[in-house]
Amino acid sequence: MFDFLDSGQYDVLGAFWVTVQLTVYSAIGSLVWGTILAAMRVSPVPLMRAFGTAYVNVVRNTPLTVIILAASLGLFQTLGITLAGGGDFEVIGFRLAVLGLVAYHATFVCEALRSGINTVPVGQAEAARAMGLSFLQVLSLVVLPQAFRSVVAPLANVLIALTKNTTVAAAIGVAEAAALMKTMIEYESDAIFLVSAMFAFGFVVLTLPTGMLLGWVSKRVAVKR
Amino acid sequence: MTLRKAGFAAATALVLSLTATACGGDSGAGDDKINIGIKFDQPGLGLKTQDGEYTGFDVDVATYVAKELGYDEKDIVWKQAPSAERENMIANGDVKFIVATYTINDERKQRVDFAGPYFLAHQDLLVRADDDTVRTEDDLNSSEMKLCSVTGSTSAQNVNKKFAPKANLINYGGYSECLTGLENKAVDALTTDDSILAGYAAQEEHQGKFKLAGLNLSDEPYGIGLKKGDTELRKQINDALKKMVDEGAWEEAAKKHFGPADYEYEPAPEITETN
């Protein structure tokens, strides 16, 4: 049934490995950039708040395909920005895809975190301020540690969405799972259902354990109030 | 409240069923119409223009063949035949035949029959018009040269598996994306069949910007795909193709669509896919 896999033409595991790498790098990037955005959105500086709000609303409402294609066709093909990728298309494409994925998913991380910040009683921040802590200290020592613990489950959703959204990188030629699937459908068109089912199963294998693990973690670390 | 809910559900179901039938509904049109599969996005070969016209070499060949089969031009229903879906469209009976840069090969012959070939293309490179570097096949197989092609295409697969496994290749969803990079020198060459490249080079907005490198990297005999076992139709199409070449209509169509790119196309190939 799966005899088309025996030909050795298709490196399915290799393609999924690229998907995993895309996910991991983008997840780390989104978490960092999303936290900074959330800090901006709750900061006392009006300019930063305005930037955070504008960024989140614009990027969140732009389709990911548009962002990724703009990164490749606009930044790279037209402006020649390679993100220190040298001349190797594989590296350049991968880094641009990570850039696009981070830019997009950071907005969802930011909004999840902001909802977490809202669960922390105002009195905590007021007390911290009264002790003479600066805004950054209040945020990093008192508010964010509690906020993160309450938003593990929403962040898990963002991570799962991110895993699946890496398939958009196929549009700019990153050799991940969806790109291989496209090639396989062209050459094994009599086995379309098998090929699709195989890739669908691959993504279930990637996302299901993530969801279960983080669901368990979110129960463990949640702050009981 | 329940009435509103039921009404909403009914409306949803109606919309869903409408969209579901929209693509397959007219495939079983009567005898007076003929469904033909072509590409909608390949200038010079099969292109649906912005005002809804269909132009290109494949379109001319299909129109000629349909005329020989007894169908007027206005009886033709053009169907978009994306590369990956061609075999299924023929097998499901969505189209009578497909004229869409359809390279004849053994794997495809297991599922469909071919008539023709009606054109012989070669994989080639499209480079900037002011690029005077002489390219050879060996140049491809080094990371120095930056190549662009389309995800899942035969050309990309050829480069990867056959003649240049070490090539520095980027794949986009369509050839137009590659042209952006080619124009801005982010890539050095776009690779696919020379007929397709000539079509892009001959487009009004690209005229004079690009040229063909003239490497014969592979042979791509284009055939007309039809349902497996329909020997009657295959013979009719082959006869029509022969007549088209003899009458000079083939030459005329080729000159019209490939001429502006200075593309030296091969003469009409010998028909090999007979019964």
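The backbone N, Cα and C atoms fix where each Cβ goes, and this holds for glycine too.
Residues or ranges marked as domain 'ABC transmembrane type-1' in TrEMBL: A:16-214.
Same-chain residues lying 6+ beyond the ends of the transmembrane segment (A:20-43) with a Cβ under 8 Å from its Cβ atoms: 49, 51-53, 55-56, 94, 97-98, 101-103, 105-114, 117, 135-136, 139, 144, 155, 158-159, 162-163, 166, 169, 174, 176, 206. What TrEMBL records for A:20-43 (among others) is transmembrane segment.
With a cut-off of 8 Å between Cβ atoms, the residues of this chain six or more beyond the transmembrane segment (A:64-86) that come close are 92-97, 99-101, 103-104, 165, 168-169, 171-173. Look at TrEMBL and you will find A:64-86 (among others) tagged as transmembrane segment.
Here the transmembrane segment (A:92-110) has Cβ contacts under 8 Å with residues 18, 21-22, 25-27, 29-31, 33-35, 37-38, 41, 52, 55-56, 59-60, 62, 64, 67-68, 70-72, 75-76, 82-86, 155, 158, 161-162, 165-166, 168-169, 172-174 of the same chain, all six or more residues outside its ends. Among the features that TrEMBL reports, transmembrane segment is placed at A:92-110 (among others).
What TrEMBL records for A:130-148 (among others) is transmembrane segment.
Sequence annotations record features per position, and here TrEMBL assigns transmembrane segment to A:191-217 (among others).
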